[in-house]
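Just below is one structure, and these are the notes that go with it.
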Amino acid sequence: MACLSVASLARPFSSRVSSASCRAAVVAGGQRASLLGASQPRWALAATSTALRRRANRGFLTVEAKKKGFAELLSDIVPKDEDYNGRPRLEKGKVSAKQHVPNSIPKPPYADTGHLPPMNEDPQIHDAEGEEKMRAAGLLAAQVLDYAETIIKPGITTDFVDQKVHKMIIDAGAYPSPLNYGGFPKSVCTSLNECICHGIPDTTELREGDIINVDVTVYLNGYHGDTSRTICVGKVTDEVQRLVDVTEKSLAEAIKICKPGTPVRKIGATIHAIADEAGFGVVEKFVGHGVGKEFHSGPTVRHHRNNDPGVLVKGQTFTIEPMLTIGRTADRMWRDGWTAVTADGKWTAQCEHTLLITDDGVEILTASPMKKTERFPAKEATAA
């Protein structure tokens with residue numbers, strides 16, 4: 001669970017909602033507006049439009065929303081009835097109770113209260129001991145994600161995934177970082193088909209041809225390791241497989257340019273160029289972040305072209321976690337305040353690694369133990 005919401009970063013911390021990595025903030029009244037179905041009377045939509053205009057005038061709309069125009073914005077936040085890829089729109093299932101964590105397991109500060117600490121905008125830079133602890137946390141997260149992939153098959157529920165992931169993390173003496181982070185009720189995020197991020201495990205069953213992003217974060221010896229990938233449930237369509245492949249490629253190419261001195265903005269430029277070439281959209285609302293002793297910190301790692309300042313430095317740990325879409329990138333927030341889905345119902349894929357900047361390149365702390373390449377010198381960052 002990892003990506004921060006851009007909207008949440010722009011608001012005072014006391015008003016931010018969490019997103020299993022800082023609850024995804026609702027676009028200008030989108031949560032209320034998303035309750036209006038296409039069958040609602042004209043006065044209801046008109047009232048929503050008026051509310052959006054007022055919020056825009058008061059500075060509550062995102063820059064993206066202001067650019068789009070209100071008719072288009074309304075079409076984004078009002079649910080539509082059409083299906084995609086032979087699948088009906090996702091519906092929320094039944095969420096079971098939070099799972100127990102033994103008192104013997106060290107917990108992050110928010111574990112008992114659900115309260116989020118003030119976000120540190122500075123990057124997390126580690127000494128040699130800290131780097132080793134980050135490696136251990138990253139390795140465990142990678143092992144848990146590898147295990148989760150082995151149990152993904154048609155017929156299981158996302159709640160079953162949560163149960164198995166929770167048990168493996170607890171058995172390793174670690175804490176599942178998403179659990180009670182800002183009140184998040186589960187130990188892992190499971191985002192299915194059109195769900196962009198922060199899906200809450202429930203009684204929803206996986207079907208042949210689905211895709212599911214499993215987002216694992218563990219808290220081990222005082223450090224968080226954060227990773228995710230999109231997993232195909234059986235055979236998927238060629239278009240969906242290409243979406244997953246291009247998303248993975250965009251992450252891999254962005255990682256390759258990372259080294260001391262690389263401008264953080266080059267990461268987004270690299271990802272955006274690959275997505276553009278493939279004809280996919282890049283979700284701008286959710287971003288990567290620093291990670292270490294704190295679940296989320298600076299820098300803000302955008303996955304699209306941007307002009308953000310800042311460069312990478314040796315010893316720094318952070319995530320890159322691009323989210324690409326087959327259709328438009330506008331999202332709609334469910335009433336649970338966490339689940340962000342594409343407004344047009346088209347499918348989306350995400351993948352994520354926790355990274356450590358080394359003397360001459362980057363180390364992938366959450367690389368799968370089954371893969372050989374975990375560390376490599378950076379290539380030159382040529383993206384604009």
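Heads up, residue numbers simply count up from 1 along the chain you see.
Every residue, even glycine, has its Cβ placed from backbone N, Cα and C.
As recorded in TrEMBL, the features of this protein are as follows:
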- H198, H296: substrate binding site (BINDING)
- D215, D226, E352: divalent metal cation 1 binding site (BINDING)
- D226, H289, E321, E352: divalent metal cation 2 binding site (BINDING)
- 132-359: domain 'Peptidase M24' (DOMAIN)
- 93-125: region 'Disordered' (REGION)
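Structure coloured by features recorded in TrEMBL.
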{"residue": "H198", "record": "substrate binding site", "Cβ neighbours (10 Å)": "31"}
{"residue": "D215", "record": "divalent metal cation 1 binding site", "Cβ neighbours (10 Å)": "29"}
{"residue": "D226", "record": "divalent metal cation 1 binding site", "Cβ neighbours (10 Å)": "32"}
{"residue": "H289", "record": "divalent metal cation 2 binding site", "Cβ neighbours (10 Å)": "27"}
{"residue": "H296", "record": "substrate binding site", "Cβ neighbours (10 Å)": "30"}
{"residue": "E321", "record": "divalent metal cation 2 binding site", "Cβ neighbours (10 Å)": "29"}
{"residue": "E352", "record": "divalent metal cation 1 binding site", "Cβ neighbours (10 Å)": "29"}
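E321 (divalent metal cation 2 binding site) falls outside any helix or strand according to DSSP and counts as coil. Separating the Cα atoms of D215 (divalent metal cation 1 binding site) and H198 (substrate binding site) is a whole-number distance of 8 Å. Put simply, of the binding-site residues H198, D226, H296, E352, the one whose Cα is nearest the Cα of E321 (divalent metal cation 2 binding site) is E352. Sorting each residue of the region 'Disordered' (93-125) by its DSSP state yields 0 helix, 3 strand, 30 coil. Here H289 (divalent metal cation 2 binding site) is positioned 11 angstrom away from E352 (divalent metal cation 1 binding site), judged by their C-alpha atoms.
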